[in-house]
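Residues or ranges marked as substrate binding site in TrEMBL: G82, E83, I84, L85, R104. Look at TrEMBL and you will find D105 tagged as Mg(2+) binding site.
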Amino acid sequence: MVPPTTAIADVLQLRGLTGWLSPPLRPIHRSLGLLGRARTVRLAPGPGADGLDPLHRMMDEDLEDRVIVVAGAEAAAGAVWGEILTRAALARGATGLLVEGGVRDVNAFRDLGLPVWALYEATAGPGPDVHVACVGGPVEIAGVVVDETTSIVMDGSGVVALPSTDVFPDSYMYADAEEDVVRALRDGASLAEANRYKEDVVRTLRDGHALDDARARDGGGYGPYGGHPAYRGHGDYGGVVGELRRY
């Protein structure tokens, strides 16, 4: 199981980093959670010699556990992605889609189960005045540079792009502490009292120290509530870091 995107984004923020793509991307079809490696495409204005053919040829590749990232798609007059490309991508194993522009055939995403985040929905197709500038190189999407080594985490709350998954252990602990806050509130604690279970984690992350002492309590949880059961017992988190999986 991957950490929640909200926890990852907060940990990145505490480290003085960025990486979240939402906003400006918004959910077209949400997923419960997935981790995949980026497969990048960059579009550019103008017809170009090959138009969108390189994107279509990419659909014949092995896309197992890849999140397709289409940057620069706002250059198109309409949607650059719809049901046909969705079916082709899923047949090759793609696990998610990010489009910095428009998509259409939204019901197909839901029916076929492809998680999609994009800038907007459109009715018309892309038109002739857009072309593929590159496939597979570094691209900038939503202000974040993504390349073929980038890990993409998507869930119902957002999308985050990471150069590596080394942020996962701290993100698990952060999510664990937030669940302790929720449990304390359910038990009648005041917000000030409940927040105590998160304050030490935030302080530790901000100071850049390891969280080994904090995660040692109650099977990996933080505080007397033990954290969310989904994050308990991860130990060194070796069963998750580096894997590409959906849950």
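FYI, residue positions are counted from 1 along the chain as it appears here.
Glycine is no exception: its Cβ is also placed from the backbone N, Cα and C atoms.
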Rounded inter-Cα distance in Å - the residue listed as 'Mg(2+) binding site', L85 (substrate binding site): 10
Shell of the substrate site beyond G82, E83, I84, L85, R104, same chain only (C-beta within 8 angstroms of their C-beta centre): A79, W81, T86, R87, V103, D105, A108
Most distant Cα pair in Å, residues G82, E83, I84, L85, R104 binding substrate: 11
Per-residue Cβ crowding (10 Å cut-off), top of binding-site residues I84, L85: L85
Cβ packing number for R104 (substrate binding site), 10 Å threshold: 22
